[in-house]
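**Q** One structure follows; several queries about it will come next.
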C-alpha cells in the first residue's frame, strides 16, 4: 500500500505541475491586460505586474465616449442575430444530414467543409466590392451575412453530430403516438438536441464576437463597426497620449459577454440527457 | 378494436432486396397474432408496414375494411411498443404516457384519469414522476406498454418487446402481456424471434422465412402439423431431430434402425407421392427410455440402442444426447435454422440426436441405452423442397 500511495502522490504532483503550467501559460496575458487596464498613465510602462497605483479612470474614459459604446451595441446586435440565424438554419440542415437520404447530401457536406477551410482573407476584397455595389457596406447585414456563411459549416457539423446521437426510434415512437413530423421534431428531437444547440450557439457567438478581419474591412463608420475593429481606432486625448490603458480596459470589457454567455449556457449543456431513452 | 388484413403485401427495397413477399394475413378483431422467424425474415418490416413507418411496395393493407397504405402513422390509430422501448428521456413517466393523449388534444382531466388508470393496471403508480433513466428495464418496458394502452388504440404492434429483459423477468412479463391483451381485448400483432413467446402468447402464429409466409396456425397446430421442414425445426424446444432415411416397401431405413411405418403415416406418404430418399423428423419428447416402458406398450413402438454422450438432468426430466453414425440430414432450411441458432459454429452438434426422457430414467453418460419411440409420431419431409409428406392438416 505504501508503494501504491507513493506512486499516487507522485502522479498527483506531476499532474498538478502540468495543470499549473497550462493555466499560467493561458492566463498570464489575460491578467496582464487586466493589470494594464487598472494602471494610471504614468505607471503604464513601469513593468510591474501588479499596479502600484490603482485607477478606474480607463473604464470611466471608454464609457464616456461613443467611440466604445456604439461599437459595443453593434457587436452585441450583430453577433446575436448572426448566431440565431446560423443556429436555426444549422439545425434544419444538420437534421436533414443526420436523418434523411437525399440527392446531393455528400456534395452539401463537402461544400460546407470547403467553406470552413476557405481562407477568409481571400474573400475580403470581393466581398468589399460586392457589398459596396449592393449598398450593404458598413451596415449590420453587411457583417451578419458573411458571419452566417462562415458559422454555418461549424453549426452544421456540431449539430449533426448531436442529432446522430438521438435514437431514431424516438422519432418513430412519436409518429406512432400521433405526432406530425413537425411535432416529432419540436417536442421530442429538439429538446434532446438542446445541449448541442447551446454548444453550437456558444461557438458561433464567439466566432462572430471575436472576428476582426471582416469587421475592419467591411465597415467604415460607427454605424456598424464592432468592438474588435473599433479598438484599433482608439486614440488618446492628444497625439502624444498613449491609448494603451483605454484599449486594455475595452479589451477586458468585451471579454465579459463571452464569459457570461458561456456561464449562462454551461448549465444547460448537460451530458447524457438522452440516457434512459432506449436500453443502453 | 380493429380487423387488419394484409393482402399480398410486398416490400421491395430500392436496391432490389425483397424483404416481404406477397404476405396474406387476416387478423380478426381482438386476435393476438405472432409473427415469428429468424433474424432477417421480414417480420419487423411487416410490422413497420402495418404501422406506417415503412411504405408498402405493392399489395394492400386494410384496417377495418378501409385501405390504409397511404395513411400516415398518426392517422392509423395504432400504438406500437418498440424493442428499445423508445421512451422520451426528457419527460417523466407520467408525461411519457400522457404524450399520445396530449397530441390528440385530450383535456387535462381525462389525460390525468387515463394515465392513472393505465399506471394502475401496469403497477407504475409510484413511479409516475420519475424519469425513464431512473427506472429498471422491466419498469421501462411497462412504461412503453402504458404509453401504448392509454389512448385505447385500434391495435397494438409489439416489436420484440421483451427481448431486452433478462430471462426471469421475460417469463413474468410474458404472462402479464398475455393477461393485459385478454383484459383489453385489443387486436395485437407481436413480433418475436423466440419460439417460446410465439407458442405461449399467440392465438395464431405466422412463421416467416426470407419474407415468405411458411405457415399460419394456432401454436398447437403448428407443433403437431408443421407444413414444412422449416416450421418443424423452428417450433418446439429443443427442436425436432432430423435424420436422412430411405423409404422401402412401407418401412423406413434410418440411422435409428429400420422402422416399420404405421398405416397412417404410410398412407399419408403414399398420397403425397413421397420420394425414396426422405428426411425423417422426430421430436425429443417422443422418445422414452425403453426400460421404463411396459412390455405391451413397448411392442407397439420401435427401439434403438445407442451410447449416451451427454445427459442433462433438469429435475423434472432428463435430456439424453446421442451421436448417430451417419451424417444428419442437411437441407437449406435446416442450415438456415442452425445458422440462426448459432449452432452451425459449434463443432460436433451437427450429428446429435436429442431425446427427452423421464426423470426416473437410469441413463448414464457413456453407457448404452435402449431408447423407445412411437413410429406413428414420425414426420417425413421431402429433402428437395422441405414439404411435409405426412402433413394431415
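Just so it is clear, glycine is given a Cβ too, placed from its N, Cα and C backbone atoms.
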**Q** Scan A:53-75, A:76-98 against TrEMBL and say which stretch is down as transmembrane segment.
**A** A:76-98
**Q** Can the transmembrane segment (A:140-163) be said to touch the transmembrane segment (A:76-98) if we require at least 3 CB pairs below 8 Å and skip pairs under 6 apart in sequence?
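**A** The answer is yes, given that the two segments have at least 3 Cβ pairs within the 8 Å cut-off.
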**Q** Which residues of the same chain, at least 6 past either end of the transmembrane segment (A:107-128), have a Cβ under 8 Å from a Cβ in it?
**A** 93, 97, 137, 146, 149-150, 152-154, 156-157, 213-214, 217-218
**Q** Do any residues of this chain, six or more beyond the ends of the transmembrane segment (A:76-98), have a C-beta under 8 angstroms from a C-beta of it, and if so which?
**A** 105, 108-109, 112, 140, 143-144, 147-148, 151-152, 155-160, 162-164, 185, 189-190, 193, 197, 200-201, 204-205, 208-209, 224, 226, 257
